[in-house]
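Input: a single structure, listed below in structure tokens.
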Amino acid sequence: MEYHAGDYDVIVVGAGHAGVEAALASARMGLKTLLLTLSLDNVALMPCNPAVGGPAKGVVVREVDALGGEMGINTDKTYIQIRMLNTGKGPAVRTLRAQADKRRYQEEMKKTIERQENLYLKQAETIKILVEGEKVRGVLTRTGAVFTSRAVVVTSGTYLNSRIIIGDVHYPSGPAGFPYASLLSKSLADLGFKLGRFKTGTPARVDKRTVDFSKMIEQPGDDRPLYFSYMSEGIKRPNVSCWLTYTNLETHTIILENLHRSPLYSGEIKGVGPRYCPSIEDKVVRFSDKPRHQVFLEPEGLDTYEMYVQGMSTSLPEDLQIKMLRTLPGLERVEIMRPAYAIEYDYIDPTQLKLTLEAKHIQGLFFAGQINGTSGYEEAAGQGIVAGINAALYVKEKEPFILKRSEAYIGVMIDDLVTKGVTDPYRLLTSRAEYRLLLRHDNADLRLTEKGYKIGLVTEERWRKFNERVEKINKLMEFLEENQVTPTKRNLEIMEEYGTSPPKHGISGKEFLRRPEINMEAIEKIFAIDGQFPDDVKEQVEILVKYEGYIEKQLKEIERFNKYEGKKLPPDFDYSKVKGLSAEAVQKLNAIKPENIGQASRVSGVTPADISVLLIYLESRKSEDNNGSEA
């Protein structure tokens, strides 16, 4: 029997990494928000890798943090190892990666949600999205509870119609044995959404006590204090090592001789798997010329013996899993605590969404996370905060929040999803960003914190700290521009130490810092300003000075890019009326309904010639409209 269980401004369905960010954003913007989850024990669950960050992903965590989100703060509270990756490369690809204590991560996030004003957490299975006309009106749960709202954000992760597969054993289940959502897919299909089927997998968890680490290579974290969040200074965390080992010919032979028992090759698995995170059997088949593959053992937490075997994702039967693992150096006597498995689940075609992550045909209904065909906790969190912000703005009847490709990796991801769609689980890569030198780990706050403050998500404390940092960056930059490096005896000694030639005349500190062999350490010695500026400020200034030419070039490219982005397209526009467009362009543009010329230019199958035709058509239509108004 159905009954009215409560009225809210925003309802979020699913409390994974997308759901918690969406719900927190909505609540922090002052809206009464309900967060529904299949189980109160799987809030912010890490069903796969117990890690946060990595190339591109780590920048997204910083972007979420800069906007006022929670993933960065929560990771800093609970990590057990942290490293800065790609330190030998340019600033565009440097990023943080942390091993999280997965149980503590969940506990801390749940605590944050429970203490958040305006946010209500409940356990329930959502079975239906309630819609009146073209507007969302709430949700129905399996027990008959009707929760009404003006906006709904669906963040159901890999729980939609999901099933677990281990060899020839398969059964309906959510990740890690949690309940699954069996009826919500039908509700979405009934509402006209096109659904697809994806697959992902996770490796076995092994007992640390049965591992011989003396045969492996230790991978320690960084000793220096590192944080994802700009608010986390002073937090001290442990530094627990990961361990590296390798597969070998014996491992590969076991896999190749048993491919007939792999559901991936027998046809049992129908869903498409992630291209950039293949299973071990897929790697052995696809890269048959490789004699070995890296395997990392990662601790799952401080208070557990479970270790995650990164690089050994598989859906092979359990008896083969143990046989295969025991061929690896250090794992000869290993015991499995949880077997590896594959999981299939439903997702929606993300081209059915606007850049706000709102459905094109149902007002107030938003989607975020793996239901949009992505993979990864970080990608989910990035979408979640944007969907939560836009749900809140929709209820408040304010202008939507859209991040451009030139402003954030989150903007790159969302534009890719809604413009190009997905053929396999989408993963963010630095190569997907045209302006990655501007979308760096170190400047996420400079790009996004003001935006977060304007929409009411950034706290006054964060805003104060941000402005203090900006002031220090400007102060150091001004100092370098105004002060000269001269060839004094003391300075000549410092220059010799750093292998640089003395200037004939005095040059500015900024000009001196441009030299490849000179860093901020040398600048501090020259001007005797050691300890006067924080490390993050010095890093920022050094990057801005050394890469000034490249940054200016990208900013000019963005100016050209923004001209296209500024040319809006009507949402109900019929592209078949435009003479000269290719048949493929008409079909794709009518399906995607891009919001502007820039987005239209990125639709697959649309050529530069098609864009030229479209621009001419829009100009002629504009002239006709102007002539009509003059008449």
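Using N, Cα and C of the backbone, Cβ positions are placed for all residues, glycine too.
Under the heading FAD binding site, Swiss-Prot lists Gly14, Ala15, Gly16, His17, Ala18, Gly19. Taken from Swiss-Prot, the feature NAD(+) binding site applies to 273-287.
Packing around Ser279 (NAD(+) binding site) is summarised by its Cβ count: 27 other Cβ atoms lie within 10 angstroms of its Cβ, all protein chains included.
Here the Cβ of Val285 (NAD(+) binding site) has 17 other Cβ atoms within 10 Å, regardless of which shown protein chain they belong to. Recorded residues Gly16 (FAD binding site) and Val285 (NAD(+) binding site) have their alpha carbons 33 Å apart, per Cα-Cα distance. The 10 Å shell around the Cβ of Gly16 (FAD binding site) contains 28 further Cβ atoms across the protein chains shown.
Taking the centroid of the Cβ atoms of Gly14, Ala15, Gly16, His17, Ala18, Gly19 as the FAD site, the other same-chain residues with Cβ within 8 Å of it are Val12, Val20, Glu21, Ala22, Thr37, Ala44, Thr155, Ser156, Gly157, Ala368, Gly369, Ala380, Gly384.
Cβ neighbour count for Gly19 (FAD binding site): 30 (other Cβ atoms within 10 Å of its Cβ, all protein chains included). When the binding-site residues Ala15, Ala18, Cys277 are compared by the number of other C-beta atoms lying within 10 angstroms of their own C-beta, Cys277 comes out lowest. Counted within 10 Å of its Cβ, the other Cβ atoms near Arg275 (NAD(+) binding site) come to 13, all protein chains included.
Cβ neighbours of Phe287 (NAD(+) binding site) (same chain, under 8 Å, six or more residues apart in sequence): His293.
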